[in-house]
Amino acid sequence: MRNLTKTSLLLAGLCTAAQMVFVTHASAEESIEYDHTYQTPSYIIEKSPQKPVQNTTQKESLFSYLDKHQTQFKLKGNANSHFRVSKTIKDPKTKQTFFKLTEVYKGIPIYGFEQAVAMKENKQVKSFFGKVHPQIKDVSVTPSISEKKAIHTARRELEASIGKIEYLDGEPKGELYIYPHDGEYDLAYLVRLSTSEPEPGYWHYFIDAKNGKVIESFNAIHEAAGTGIGVSGDEKSFDVTEQNGRFYLADETRGKGINTFDAKNLNETLFTLLSQLIGYTGKEIVSGTSVFNEPAAVDAHANAQAVYDYYSKTFGRDSFDQNGARITSTVHVGKQWNNAAWNGVQMVYGDGDGSKFKPLSGSLDIVAHEITHAVTQYSAGLLYQGEPGALNESISDIMGAMADRDDWEIGEDVYTPGIAGDSLRSLEDPSKQGNPDHYSNRYTGTEDYGGVHINSSIHNKAAYLLAEGGVHHGVQVEGIGREASEQIYYRALTYYVTASTDFSMMKQAAIEAANDLYGEGSKQSASVEKAYEAVGIL
């Protein structure tokens, strides 16, 4: 059972739904939800925002607000010794400023504890999102081993697990964190190792900076393994570059460019190594006319353009980093490689084995799903474990279904060729693939990093209900359409969601986004609440 304490302006009492319990208390100033583990606020919604001190800067008002809540945060001393501003975002639509924060201990970031604060134009704080760790006592922040030693240990342990690694995909680094786990607090190096062979992965190792032992490890690769019925053969139109009578799959009209290359079935490990270290992208795809006869490359190029256009036209976003980053795609990576992934530098696509998968670049929603992982990386930075990881996957599914908006299925174009109507996941009916559609049926085990690909379907169902409406578990939801829904989720992702956002926090983030866009008390805000209630997220 999940226990949450919630302070509310409107009522006091005890209510239950699914397997969640909320305890409410009256307050005239703010609504607070407390994290069940630390009993510190996971979000604060200001009903009567504090009056800012005159002649102060925005950051001074921010830290004054944080100081005001130090008791609730269970922190000692000034807020500026516990929080670091990592990013500042100005929203021209509402004139609000959004601060992304990182909680620190003696200057060292606490892993997974990031926050977001929304401030009005008059410097009044409107809301606070993100879990806060209470005061940590007596942890040394002086490492006893070097970063190099930590990297060596991580690689040794990984090879013991998956076999000899000939090449790493890029140069590994070790970053110091305070790592909370099992009631302990360790100074640890987070070492990230990217591999394609002998097993694809984006491995995270937490190495104790005192004794060099492995505290924890997991694989956080974002990939779409298996979606759709293959490259469809439909005719596509897309932008290319012509030079001296030769045509290239290079589009310089969008951001800093969209380029598509051919790996010529180069081993995926070697390709990714060259990609990371020297920027190798494969061979240029050239045609003597404007007609290209490479179906996998045509789809990769056209779909990348479609996803760029979707984000640009729908949200005003300039590529995945909001700064026009070049989108590079390479097809024919490996031989019969059943995978597609964003590797931190570019998109890579395998051809599939012809049985379970066909060329994965043929699926628009897969391309959108993977590029959205990059958007999430550059905005919210959701952790890839438990409920934050499930939200990471769900948001990619939601945006995939919005970019390819003819249905609510994911990967139907390239998954299991020969099986009509099959898909990898369904937002409309997650049970088609045996996935849960209500929080009471969530997966609670440790596989799949706490069910990131399983429990994502619960949030997917909420998104479907928000857009289309319907009755689910006895709750009537009035649909608000795809257009309003996608705006709400994008705003929540880029302004309110933080690394540790869970399902309940995501609900409140979506409500705040709806309030920003359509006004408090709007039908859109009401539908958000009902959609989450219908799937048991309260």
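The backbone N, Cα and C atoms fix where each Cβ goes, glycine too.
Of the listed candidates (GLU393, GLU409), Swiss-Prot assigns GLU393 to the same Zn(2+) site as HIS369, HIS373.
Of the residues ASP353, ASP365, ASP448, Swiss-Prot places ASP365 in the same Ca(2+) 1 site as ASP404, ASP407, GLU409, GLU412. Each residue contributes its Cα atom, and for ASP406 (Ca(2+) 2 binding site) and ASP365 (Ca(2+) 1 binding site) those atoms are 10 Å apart.
In this structure, ASP404 is the one among the binding-site residues ASP365, ASP404 with the smallest number of other Cβ atoms inside 10 Å of its Cβ.
Most Cβ neighbours within 10 Å among the binding-site residues ASP407, GLU409: this distinction goes to GLU409. Shown for the region 'Disordered' (421-441): DSSP residue counts in helix, strand and coil, namely 7 helix, 2 strand, 12 coil. When each of the binding-site residues ASP406, GLU412 is scored by how many other Cβ atoms sit within 10 Å of its Cβ, ASP406 comes out lowest. Using the Cβ center of ASP365, ASP404, ASP407, GLU409, GLU412 for Ca(2+) 1, the list of other same-chain residues with Cβ within 8 Å runs, in sequence order, SER363, LEU364, GLY400, ALA401, ASP406, TRP408, ILE410, GLY411, ASP413, SER423.
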